[in-house]
Every structure is written in C-alpha cells, then in structure tokens.
Amino acid sequence: MASLRNLLVTLSMVSLMACFANAQLSPNFYASSCPNLQLIVRNAMREAINRELRLGASILRLFFHDCFVNGCDASILLDDTATFTGEKNAGPNQNSARGFDVIDTIKTRVEAACTGTVSCADILALAARDGVVLLGGPTWAVPLGRRDARTASQSAANSQIPSPFSSLSTLISNFAAKGLNARDMTALSGGHTIGFSQCFTFRSRIYNDTNIAPMFAANRRGVCPASGGDSNLAPLDIQSPNRFGNTYYQNLVSQRGLLHSDQELFNGGSQDALVRLYSTNPTAFSNDFAAAMAWTMRKDKAMKQGIYDRLVALEKNETLYAKVCKLCEESSKAVVSRELFQTQGEHVALLEEFKAFKSNPELGKMMKIGWRASIRASGVPLSSKLFSRHDAWCISSSTTILTTNLP
C-alpha cells in the first residue's frame, strides 16, 4: 500500500510540476483561438521583405532589443506620452530601431482575423523568426501566450542592451545576466550576418582598432568619414548582408568584423574556437542560433513569475510540501539527461536562472523535484551520470538554494 501511495504521489507531482517548465507558453497556444495566426504573420513578413530586404534584420534586432529589457514583452513598441517614457528613444534604439510599421500592419491583419486575441509580443516573436527563415536562416518553435507589457524602462534599455563598443568580457556578462551563456552569446551575435549599421557605431573601430584587415578598414572609411556622416550605413556582413548564413564568422576569422564588439568574438579569447567552428560549419551555427533564440523566449519574467506563484502555493500546502521534500530527498541519485536540450547552453542557462533567485532551501528542493517531474512527464530517459552538478547544487546549503528574485 505504501508503494502504491508513493506512486500516486509521484504521478500527482508529475502532473503538477510539468506546468513549471511551460508556464502556459506553447507553440500551439492560438491553435483554436487564432488558427491562421502564423500564416498571417509569415505572409506579411514575406511582403515586407520583398519590398525591402533589410527589414528581416530590422525586425530581428527589434525583437532582440525588446527581449533584453524585462523579457520579450513588446515593451519596445510602446510610444512615449506626456506621462510615460518608453524605450523607443533609448540610446540603442533612437533613430535606429525600425520595422515598427511592419508590426503595426501585422497586428491590424491579426486583429481582423482574431479580435483581441493575440499579443503584440507574440506577433513580434513570430515576425523575427519568419524574417530569419525568409532570408535563408533556420527555424524554431516559438512559444506563444505571453502578455504585452504595460510599462517600459528607458533606463534599462540604455544600460542592458549590449553596446557595439563592448569587450568580450562585458558581452559575456551582459548575456549571462539574461540567463544566456557565452556559446549562446556567440551564436546570437550571428544575427549580424544580416543587416546594416550606422557609421557612428563602427567609426572608432575602422580608425583606431589594430585587429582589422587594412583593406577592409580602408573601404569602410569610404562610407564613414572621421567626422560627420554618422548615419551612413555599411553592411554588418560584407559578404551577404541580405542572406542569413555563417559568412559573418568567416569575416571575423579574417578580421573583417564591422563592429568592435563583433571582432571581440575572435581576438585571442575564449570564443575563438567556436567562431572557427561556425565559420566552417553552417549547420552547427544554425542549430545553435535556433536553440538560443528558442531559449531566449522562454526566459520571460512572466514565466518566472508563474513558476514562483506555483511554488508559493505549494509551500502553503504543508502536507503536499512534506511529500515533495521527501520525494526530492529520496530521488537524489536520479539525474536528468542533458540530451533533452538542443545545446549545453540551455542547461547552463537554467542554472543561471536559479542563481538569479533569493535564498530559500525549501523552495529550492521543490524546484529540483519539479524540474525532474517535468522531464519525466516528457518521456525523456533519465541518466545517472549527467546533471550531477545540478543535483548537488539543489540540495546544498541554504545560502545557495534559491527562489525567484522579481520586483
């Protein structure tokens, strides 16, 4: 009877905790309420790119800048008012971020088909993905169901969006703060294989940096004088600015990165080997880029808040809480296989998310069992060899077991 009772408890916890990983986000979120959503977005993006190839890169950048400030919540789309200051006029976005009209057009068409159903945040996420695909890049499943922001933070946009003048260590830190590791950062930087940049963002590189091919620097100076011409454009990828591929990394290997921050990825540092890999293996780059994009979208604050709310509710149920902790302790030798993830970076990103939490040993234990339960529910085989670091971390002292740190 005891064994049966334990089994029933385990099955109940699988059902309860499986929702932790999803937090109501799903690629099929609008399957019933707006079944033609993805077709509407894809067709609109095709029209936009046929009209101006550069818009694929513009929408991708718009999405990236949105996600880097309080998650992928469309806060970048909010206009300033007399009583509200948005992100559009933050330094990284002012006279630079573009493609707003494309998102407006898509939103209008979606509203005509499914009134009051689809968030702008989801539209922007789908448009960014489709822009990459239409320019020859990889695809990925976009988790849908996020809500639109009702506020924005110009100060966060100014301080958190990576700068084109950043060092490698700063870039790694910027991305780590968002739960993305160095490999994710290097893969996502490959988004610079499409699009253009303004003269003021690369002037110091072409006139002052020494790790730059002389002929490349001379050519760029032709469009970017030492003074003036700040808004003059040059392609981020000199080989194929309108085609998504791995030529961006080939440029870095030959010291033809346009931005200082680009060339930092290949400058005798920790990412050199990965840049070389991507430069010769387009499949490796495409796979890692798609995986990092998918993971970025699951780092939303709304998802963390959903997990936190469930954990708090569970903590208040003393009987169930005791069973969870007991199961957690009894299962300390069962660890989850890393093969579940598309890249090791996804596992590292989860650990980084945990590290952004406050100290609370009991909720930390529930995090652990919830993590495992959701994996079991997915049918992925367990491994006794991998993720041991995660297990040890989860059951360590109260100073390192954490729960969400949200405003």
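Just so it is clear, glycine is given a Cβ too, placed from its N, Cα and C backbone atoms.
Here is what TrEMBL records for this protein:
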- 24-332: domain 'Plant heme peroxidase family profile' (DOMAIN)
- Cys34-Cys114: disulfide bond (DISULFID)
- His65: active site, proton acceptor (ACT_SITE)
- Cys67-Cys72: disulfide bond (DISULFID)
- Pro162: substrate binding site (BINDING)
- Cys199-Cys224: disulfide bond (DISULFID)
Recorded positions near Cys72 (disulfide bond), in sequence order, restricted to Cys34, Cys114, Pro162, Cys224 and a 10 Å Cα cut-off: none
Euclidean distance between Cα atoms of Cys224 (disulfide bond) and Cys34 (disulfide bond), Å: 47
Rounded to the nearest Å - Cα separation of Pro162 (substrate binding site) and Cys114 (disulfide bond): 36
Minimum Cα separation from Cys224 (disulfide bond), reported as the residue among recorded positions His65, Cys67, Cys114 that achieves it: His65
Residue pair Cys67 (disulfide bond), Cys199 (disulfide bond) - Cα distance, angstrom, rounded: 25
